[in-house]
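J.: Sending over a structure as structure tokens; questions will come in a sec.
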Amino acid sequence: MDHAEENEILTASQRYYVERPIFSHPVLQERLHKKDKISDSIGDKLKQAFTCTPKKIRNIIYMFLPITKWLPAYKFKEYVLGDLVSGISTGVLQLPQGLAFAMLAAVPPVFGLYSSFYPVIMYCFLGTSRHISIGPFAVISLMIGGVAVRLVPDDIVIPGGVNATNGTEARDALRVKVAMSVTLLSGIIQFCLGVCRFGFVAIYLTEPLVRGFTTAAAVHVFTSMLKYLFGVKTKRYSGIFSVVYSTVAVLQNVKNLNVCSLGVGLMVFGLLLGGKEFNERFKEKLPAPIPLEFFAVVMGTGISAGFNLKESYNVDVVGTLPLGLLPPANPDTSLFHLVYVDAIAIAIVGFSVTISMAKTLANKHGYQVDGNQELIALGLCNSIGSLFQTFSISCSLSRSLVQEGTGGKTQTIWLTTFVSSLFLGLDYGLITAVIIALLTVIYRTQR
């Protein structure tokens, strides 16, 4: 018998004998879930809270300045081409959108450029999303415009006997003052909510809710632009059923449409749609997506200037813009008591739009966003930006998709969010959707 066979016989003859108490199911569950609770003293907790270590300082910097975390890990050769194309496309698209959204906010177009400049720089340092585009957004601009027109109507009589017809500049100056006050107050609200860790509500923004809300927001944006596409003059609508009223108003005035304005709009739309399909079909062969938005803006501007659309075909254009940037100015805080309700709604809707799109793109690309930090970032962008005469900003859906594109099992919740946000407005619609989502979770838990 060799040595290997002796080891096999020895191993086969060895036995383990285990003695343990017999557990019933309740006793076993009690043992499994029993934990020894060791609570630290108040002194230890205070000492841990106020202890300053390099790791804690680094984490605090990463939390409040996310750029310090992702910038050192930036892969230059891999990302630079896509980021360059994406930056040019988004930047070029942001210029005409800023001008147009300023008109929705009832302020002179140049203030849309200011709102496209200062907040973007601040969000680059403070935001946690890598793909959303911060700046003027149509729905927020409409909400600001509603406040500005309510407090400074078209037929207002300016003190000193100058009426609105002869005092357009004075009327616009008052509306800018209102917009700055709303922006400052909404920014303060967002910042305070972020500091108080109110960003936890992002947990309740489920994927169906987010998708329904963003879809309804897109419909609001589309309907707000119809009158400019058709070149007709209609009344400004806001609040519940505003999407219906504005659409009906455009359809009632469709007999007065400007064919040239509609033609230019459809031409640009066709270019963007065709370009999107082209980039999607040949994305494997293209080193980077073709920035069709850039060519659309250049083409539209060239057609407008070359054919003198304003004088020859009565197409609305922005006109001459003043050069340079305005010096900082203090917003009028005496208006806070008149606009605080609107500021709360703007703060909540602005955050909801931003975190919705940020979560959508973050899930697609495999990273996470911090709702509390997004609130703080938006709050600082709005409050500090208001000193430079910007109006409230948020995430733009179209620019975010351009920026990202160039570089659930059930529809219970999605349908409710979409319908309520579409017809009740984004502020009441969001509240309704969150309540229904919570009720759905409670119902399923009980079942």
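Numbers run from 1 along the shown chain.
Glycine residues also receive a Cβ, built from the backbone N, Cα and C atoms like all the rest.
Remember, TrEMBL labels are computer predictions, not curated facts.
Reproduced below are the annotations present in TrEMBL:
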type: DOMAIN; residues: 81-423; note: domain 'SLC26A/SulP transporter'
type: TRANSMEM; residues: 99-125; note: transmembrane segment
type: TRANSMEM; residues: 132-152; note: transmembrane segment
type: TRANSMEM; residues: 184-205; note: transmembrane segment
type: TRANSMEM; residues: 212-230; note: transmembrane segment
type: TRANSMEM; residues: 256-274; note: transmembrane segment
type: TRANSMEM; residues: 335-355; note: transmembrane segment
type: TRANSMEM; residues: 375-393; note: transmembrane segment
type: TRANSMEM; residues: 413-443; note: transmembrane segment
J.: Which sequence positions outside the transmembrane segment (375-393), separated from its termini by at least 6 residues, show Cβ-Cβ distances below 8 Å to it?
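T.: Distal contacts: 64, 102, 105, 107, 111, 114-115, 118-119, 122-123, 126-128, 134-137, 140-141, 143-144, 176, 179-184, 186-195, 198-199, 325-326, 328-331, 346, 350-351, 354.
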J.: Does the chain bring the transmembrane segment (335-355) near the transmembrane segment (99-125), so that three or more CB pairs sit under 8 Å (pairs 6 or more apart in sequence)?
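T.: No, the transmembrane segment (335-355) does not contact the transmembrane segment (99-125).
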J.: Can you give me the average pLDDT across the domain 'SLC26A/SulP transporter' (81-423), rounded to a whole number?
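T.: Over the domain 'SLC26A/SulP transporter' (81-423), the predicted model scores a mean pLDDT of 81.
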